[in-house]
Structures are given as structure tokens and as C-alpha cells.
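As annotated by TrEMBL, transmembrane segment applies to 25-48, 60-82, 102-120, 140-158, 205-225, 237-260, 272-289. Per TrEMBL, domain 'G-protein coupled receptors family 1 profile' is recorded for 41-287.
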Amino acid sequence: MDLKNGSVVTEFILLGFSGQWELQIFFFVTSFLIYSATVLGNILIMVTVTFSSTLHSLKYFLLGNLSFLDMCLSTVTTSKMITDLLNEHKTISIWGCMTQMFFMHFFGGAEMTLLIAMAFDRYVAICKPLHYRTIMSHRLLSGFVILSWTIGFVHTMSQMVLTVNLPFCGPNVIDNIFCDLPLVIKLACMDTYTLEFFVIVDSGLLSFICLILLPVSYTVILITVQQRSSGGLSKAPSTLSAHIIVVTLFFGPCIFIYAWPFNSFAGNKVLAVFYTVITPLLNPIIYTLRNQKMQGP
């Protein structure tokens, strides 16, 4: 399928994790178990939040949406990687590649925004507990969710509308486990300097802003908790520290990849695994399974 007249490339080759067959089997089993745990864990969280009367609060409304985004992001990237591990020829059609990149940036951008909303929710709950019900209304929380989906859509459309019509007529090998926007743009048969710069500003800046805002908000919360040091907040430092670790694992690789997006390096695939495979599994563990209400009968 051609994107423009004159294009001769109809599919891309994903190098993935190349190696001996035994190593491929190991990666397949590991990835399949992680993906299965991610999907089952997030579905369990969404079902529990939806049908449990004790979890119909504002915080869990955000947690349910986070689980849905994590499951979608993992499915878009990990499912294709698992399938390729069993195939000798790891290929993806051009439009399949474009679709994967569209939804990856859509769900990723939405999750970034939602994590900021969740940090703000925790800030109000801990630092301004008497005004929590007044500030964090259902209307505001619904607005946060709608805003996160809107930002995700605008974020991906602003890049894909400029990428989908690029001509591809030469090399078609992508040295990654999935279609990554910077690497795909690099294969276009035209000068893409302006588009490359736009991708750095769009994806890199969004990730950087989120990475700055989230640790700052969690630091303020930790300071507040330390000053109050009440029994009810005794578990907050360890929980918030775990949140910061997950945020770093998600945004750190994103910033590193999009800060130097058009120069391949050996650890590129490893970093990609962190924010597309590992983080969607850690989020339900950190944000919900450590919560006593989620563990209760």
C-alpha cells in the first residue's frame, strides 16, 4: 500500500530483539507473562473500581482511567512485539505502522496528562484536606479526564498529520521493537529536518514538562507529610516514593529517546521496554494493589 505516488516501500522490518532462537523463546515467555499480568491486573482494577461501592470516590475514578490507558498502551506495543518474537520475518505494513504510532502517542499523551491530574488530586487531599470535597468535585475530575484524552489526541494528530504522507522509497528497517516516530521519519525519502525538530519539541517538551511537574508536586506532598507526621499519613512517604519511581521509569526513557531521537544507540530498545512494557505493569501495583481498600473484601 503506497502512501504517495512513487513510493515503493509497502512494509517496514522491525529488528526487535535479534539473537538465538533460545533467547527469542525466553523473551517471548517473559513478555507474554508481563503482558498477561498487565492486562489482567488493569482489568481487575477497572472492574473493582466500577462495581465496588466502597471505591466510588474521586481518587479511584482517576485510577480506573489510568488502568484503562495502561492496558491500551501495552496492547498497542507489546502485543505486536510478542507476535514478532515467534516470527522469523518481523514485518509491519506502512499503515499498520502509522496506526501503531498514532495510538501509542494518543494513549501515552493522555496518560502523561492524567498522571499530573492524579498528582494534583493527592496534593489537595494531603495538603488541603478540609477543602478536598470543595476543590476536587466530580465535574473537575471529569474535566481532567476529558482534558487528558483531548491532549493525547491533539498530541498524536499534530505529529501524524505530518508523517502519514511522507514518501518511503528506500531503506525500510526499523531498529526497534515497534514503530517509533523518530526512526520512521528518518526513513523518509525527503528532507525531514523541520519535522524532526517539531517531533523533538512536541514529544520531548511534553515529557520534560510532565517529568518536572510530577516530582515537584510529590516533593511538596512529602514535605507536608513530614511536617504533619500524623499516624494516618505514616504510609504516604513510601507510597509517594514509589509513585516517583514509576514516573521516572516512564518519563525518563521518553525524554532520553526524544532528546536524541534521530541517533540510534544500543540501549534504545531497552528504554522503549521500560515505558511501554514495564510501566503499565508497575502502575496498577504501585497505585492500587498497595492500597488497603483495593485489597479489602
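Each residue, glycine too, has its Cβ placed from N, Cα and C.
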How about long-range neighbours of the transmembrane segment (60-82): same chain, 6 or more residues beyond its ends, C-beta under 8 Å?
16, 28, 31-32, 34-35, 38-39, 41-43, 45-46, 49-50, 92, 100, 103-104, 107-108, 110-111, 114-115, 117-118, 121, 138, 141, 144-145, 148, 177-178, 272, 276-277, 279-281, 283-284, 287-288, 293
Recorded stretch, among 25-48, 102-120, 140-158, 205-225, maximising Cβ pairs under 8 Å relative to the transmembrane segment (272-289):
25-48
Are there residues at least 6 beyond the ends of the transmembrane segment (140-158) whose Cβ is under 8 Å from a Cβ of it, and what are they?
58, 61-62, 65, 101-114, 117, 120-121, 202-203, 206
Hey, which bits of the same chain come close to the transmembrane segment (102-120), Cβ under 8 Å, at least six residues off its ends?
59, 62-63, 65-66, 69-70, 72-73, 76-77, 141, 144-145, 147-149, 151-156, 159-160, 178-179, 181, 203, 206-207, 210, 213-214, 217-218, 243, 247, 250-251, 254, 275-276, 287
